[in-house]
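K.L.:
What follows is a structure written as structure tokens; I'll ask about it next.
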């Protein structure tokens, strides 16, 4: 299909070199996923407005003194509002998790530009429909659940498509650092989504969804006209995914001076200079074939628990700040953006360190180990002052989102171009979808568990998050051991020992 529906050359021909196309790809995919997260964030900001503390607004104007929730938005005006919020979050996230496993398969077989742009337009439509429930005065739960389910399904078009596009243009090199910086779109989207939603949350909360919906539709249209999927489409050379020579390959641990996830074992000359012939284009990898790539299962399960923690903060942090620190809805939304500021720093730091050491899994494990006690401290002392709260939110955001960002970007791209694929680049979308789809199962469980556990006390929610962090770390133990063996080999040779 990609040969049948080519990139519109009239729009891309003025760009002079592959460097320009790489920059354009980074900018467009950055804006794309920024808008995806921008459209997901409003629900966490609006929760506190759907069920506010009515006593702070004065007497009940309806002369019903027995109704203490007169200012809440039905059906979230009952005492079970936290459980309903959990169901609402889960409707989106379960649909997202299920759809993600299917989305990667379609992403390998359809033009990425069409697939991504169409998904963005539909995402904007369903995001706006949620907000229109305010203007249409809708008070039935099933409407909001159906909209969330549909939005969760169409939003799965985003991540496999943008990672595949970036992976097609950028080789091994400084992938961790580049994708760590690029992955800040997640936090930038959360921050912008919080600020945009906060601007209307207290006046007309429907606009908190309608405006982000319009934004993602606009960005999707821009991507349709300007995104270039493959270097070969504009007569550019593909990147080098394998930077080591065949003689340095260890078939068991793939141990090199870049660690066990290094993409060694292929001659770079074979794939860098020759244009891709349509007749020689490899078939897309199967789902089971992608699972057999070394490291896919371990990182997928690790991401399940890491994303559980991250998405619990994404959906529940503003409400936690309102309940514990007693801020207003807008102030809590603004303060919660500091968690995403930390996420930007953590993603860049994780990518830089993993590039330098070659240890993707080790970098993730260290950050996860440190995150557990920091979450405990934030829950107990994080609200002791505005300065302490700001510092703890940034630190926790960096430690929680750093491993999440590294796995969903550089690790996914590494595994999607793994040496065992023998140069087949038609696995990026499927591998990315498997890893992020498994992580999305945790993303669905986290907010749901938070909704069920929070009535028993916020302390129990944080104990659940700490346990998830520990489990995420343990699941990477085998890959960490392989990385350690990869480092020990060169060190032993330098000291004169024989390594067998």
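Using N, Cα and C of the backbone, Cβ positions are placed for all residues, glycine too.
Per TrEMBL, the features are:
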- 25-485: domain 'Major facilitator superfamily (MFS) profile' (DOMAIN)
- 84-107: transmembrane segment (TRANSMEM)
- 114-136: transmembrane segment (TRANSMEM)
- 142-170: transmembrane segment (TRANSMEM)
- 182-201: transmembrane segment (TRANSMEM)
- 207-228: transmembrane segment (TRANSMEM)
- 247-279: region 'Disordered' (REGION)
- 254-272: compositional bias 'Polar residues' (COMPBIAS)
- 296-317: transmembrane segment (TRANSMEM)
- 337-354: transmembrane segment (TRANSMEM)
- 361-378: transmembrane segment (TRANSMEM)
- 390-415: transmembrane segment (TRANSMEM)
- 427-449: transmembrane segment (TRANSMEM)
- 461-481: transmembrane segment (TRANSMEM)
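Each of the listed features needs to be described in terms of its position in the shown structure.
P.N.:
Residues 40, 43, 47, 50, 75-76, 78, 115, 141, 144-145, 148-157, 159-161, 164, 284, 287, 311, 315, 319, 429-434, 436-437, 440-441, 443-444, 447-448, 450-452 of the same chain, all 6+ positions outside the transmembrane segment (84-107), place their C-beta atoms under 8 angstroms from a C-beta of that stretch.
Within the chain carrying the transmembrane segment (182-201), a Cβ under 8 angstroms from the stretch's Cβ atoms is held by residues 26, 29-42, 44-46, 48-49, 166, 207-209, 211-212, 215, 314, 318, 329-330, 333-334, 336-337, 340-341, 343-344, 347-348, 351, 397, 401, 405, 408-409, all 6 or more beyond its ends.
Long-range neighbours of the transmembrane segment (207-228) within the same chain, counting only residues 6 or more positions beyond its ends whose Cβ lies under 8 Å from a Cβ of the stretch, are 7-8, 11-12, 21, 24-25, 28-29, 31-32, 34-36, 38-39, 41-42, 45-46, 112-114, 116-121, 123-132, 165, 193, 196-201, 234.
Within the chain carrying the transmembrane segment (296-317), a Cβ under 8 angstroms from the stretch's Cβ atoms is held by residues 40-41, 43-44, 89, 93, 190, 290, 336, 339, 343, 361, 364, 368, 371, 375, 396-397, 400-401, 403-404, 407-408, 411-412, 415, 431, 434-447, 449-451, 454, 461, 465, 468-469, 471-473, 475-476, 478-479, all 6 or more beyond its ends.
Panel annotation: around the transmembrane segment (337-354), residues 175-181, 183-184, 186-188, 190-191, 194-195, 310, 313, 317, 360, 363-364, 367, 390, 393-403, 405-406, 409-410 of the same chain, lying at least six beyond its termini, place a Cβ under 8 Å from a Cβ of the stretch.
Long-range neighbours of the transmembrane segment (390-415) within the same chain, counting only residues 6 or more positions beyond its ends whose Cβ lies under 8 Å from a Cβ of the stretch, are 159, 163, 166-167, 170, 172, 175-176, 179-180, 182-183, 186-187, 261, 263, 293, 295-296, 299, 302-303, 306-307, 309-310, 313, 335-336, 338-343, 345-347, 349-351, 354-355, 360, 363-364, 367-368, 370-371, 374-375, 377-378, 381-382, 428, 431-432, 435-436, 439, 469, 472.
Long-range contacts of the transmembrane segment (427-449) within its own chain (CB-CB distance under 8 A, at least 6 residues past either end) are made by residues 86-87, 89-90, 93-94, 96-97, 100-105, 107-108, 112, 156, 159-161, 163-164, 167-168, 284-287, 289-291, 293, 296, 299-301, 303-312, 314-316, 404, 407-408, 411-413, 415-418, 421, 461, 464-465, 468.
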K.L.:
Against which stretches of its own chain does the transmembrane segment (361-378) lie, if we need a Cβ under 8 Å and a gap of at least six residues from its ends?
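P.N.:
For the transmembrane segment (361-378), the list is 259-261, 295, 298-299, 302, 306, 309, 346, 350, 353-354, 392-393, 395-396, 398-400, 402-403, 406-407, 462, 465-466, 469-470, 472-473, 476-477, 479-480, 482-484.
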K.L.:
Other than its close neighbours in sequence, what residues sit by the transmembrane segment (142-170), given a CB gap under 8 Å and a spacing of at least six beyond its ends?
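P.N.:
Long-range Cβ neighbours of the transmembrane segment (142-170): 21-22, 25-26, 29, 32-33, 36, 39-40, 87-89, 91-96, 98-100, 102-104, 107-108, 112, 115-116, 118-120, 122-123, 126-127, 129-130, 133, 178-179, 182, 227, 229-231, 238-239, 408-409, 412-413, 416-417, 425, 428-430, 432-433, 436-437.
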K.L.:
Which whole-number mean pLDDT does the model give the domain 'Major facilitator superfamily (MFS) profile' (25-485)?
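P.N.:
A mean pLDDT of 82 is what the model gives the domain 'Major facilitator superfamily (MFS) profile' (25-485).
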